[in-house]
Amino acid sequence: LESYLKNNATKHHSAGPVSARNVRRLLSFQRYLHSSRFIRGIPASNPLGYILDDDYTGQAKLMLEKVGNWNFDMFLFDRLTNGNSLVNLTFHLFNSYGLIELFQLDMVKLRRFLVMIQEDYRSLNPYHNAVHAADVTQAMYCYLQEPKLAETMTSCDLLLGLLAAATHDLDHPGVNQPFLIKTNHYLAALYKNSSVLENHHWKSAVGLLRESALLSHLPTEDRSERLGSLILATDISRQNNYLSEFRTHLDKRDLCLTNGRHRHFILQIALKCADICNPCRPWKLSKLWSEKVTEEFFHQGDIERKHHLEVTPLCDRQSNSVANIQIGFMTYVVEPLFVEWSRFSDTRLSQTMMGHLSLNKQGWKEGRDKQEANTSRASEEQRTSAAKDSNSKELPQGSKRS
């Protein structure tokens, strides 16, 4: 590892100035070198610092023992790993599935690749950041553990499924596709206004795979295209197409997971579910994710208003609320998809998710109704107070009533 870092630093130095992104990657990779010193029997230079690091690492490891639990708290895990939830979680899942050994993956390359992924997510985004990617990857793992998938998915399916989950929002700019189109962003032109963000995430992922050379020793086949079709499936504008196809398969009962095409389709549906599963998490986690995604929406609306662009209705903080956005999202996007997933995989997990979805939706409705009632009461009190003030005014001295 020491040799790798030195060679990597030399290579970047000889190539010219090191970019800020590569500096972040190198520092992140050095953190992993430090954390491995105790295992290799090398004493840490700062014993107190190491004890603290080891304590957090221990707690994170305990959490990973329950990584398949639906109430897994990714926010806590991210804090315990010092902001490295995506790297630690994905490495753990690759290892637990035996993918490192099976595909003969170089562990240094794998770590470097995961660090590059994590660093290419924009940490300033309230929602579309590496923690969201880690959360989606954990949800994807939960779905891959479901009996129908666990019994049929191949090692290649697992590899691509986890890679797609980890990279599905790579380098997300924190604004949506319509914003990129109406501002004539170069990505909109590059991808001809079609699945602009998803195409960018896919191509960015392929670029990092090539840069890391993680899979360079394996046959190419159609790996890039399959990865792309998984990531492209997360385009919310294509939701109805996938949902309709899923429904048709379930109605006809013709899904056969020994068929490669059908397995890939189910992987697409699983990733779609993982991407929008926040409303199906326990209230404490679901509420926090809802607030973060709405903060990102409203930030886009603020930018649009500042630059005199038409404000996207969903992003207008003056005419919208977290509750209204979430109730609509749950009703028209999340619920229809998860109802069909429950038909496909009628398990305890599906029942748990649907239960949380119902409770969370009710929670937002009650919160909205309470807020509206308080607002209405405050307005009424204000009107009553104004009326009293008006009636209590005395006529000026010397005035006469008509």
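Glycine too: its Cβ is placed from the backbone N, Cα and C atoms.
Whatever TrEMBL says is automated annotation, not expert-curated.
Features reported for this protein in TrEMBL:
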ACT_SITE  H128  active site, proton donor
BINDING   H128, N129, A130, V131, H132, D169, D275, Q326  AMP binding site
BINDING   H132, H168, D169, D275  Zn(2+) 1 binding site
BINDING   D169  Zn(2+) 2 binding site
COMPBIAS  363-383  compositional bias 'Basic and acidic residues'
DOMAIN    52-371  domain 'PDEase'
REGION    360-402  region 'Disordered'
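Site extent for AMP: the farthest pair of Cα atoms among H128, N129, A130, V131, H132, D169, D275, Q326 sits 22 Å apart. A sphere of 10 angstroms centred on the C-beta of A130 (AMP binding site) encloses 24 other C-beta atoms. Residue density at H168 (Zn(2+) 1 binding site): 28 other Cβ atoms are found within 10 A of its Cβ, drawing on all protein chains shown.
Highlighted in sequence order, H128, A133, V136, A165, H172, H201, T234 have their Cβ within 8 Å of the centre of the Cβ atoms of H132, H168, D169, D275, the residues recorded for Zn(2+) 1, and are not part of that set.
Averaged across the domain 'PDEase' (52-371), pLDDT in this predicted model comes to 96. On a Cα basis, the residue listed as 'active site, proton donor' lies 7 Å away from D169 (AMP binding site).
For the pair H128 (active site, proton donor) and H168 (Zn(2+) 1 binding site), the C-alpha distance works out to 10 angstrom.
Taking a C-beta cut-off of under 8 Å and a sequence gap of six or more, D275 (AMP binding site) has these contacts in its own chain: V136, H168, T234. Within the set of binding-site residues (N129, Q326), the lowest number of other Cβ atoms found within 10 Å of a Cβ is recorded at N129.
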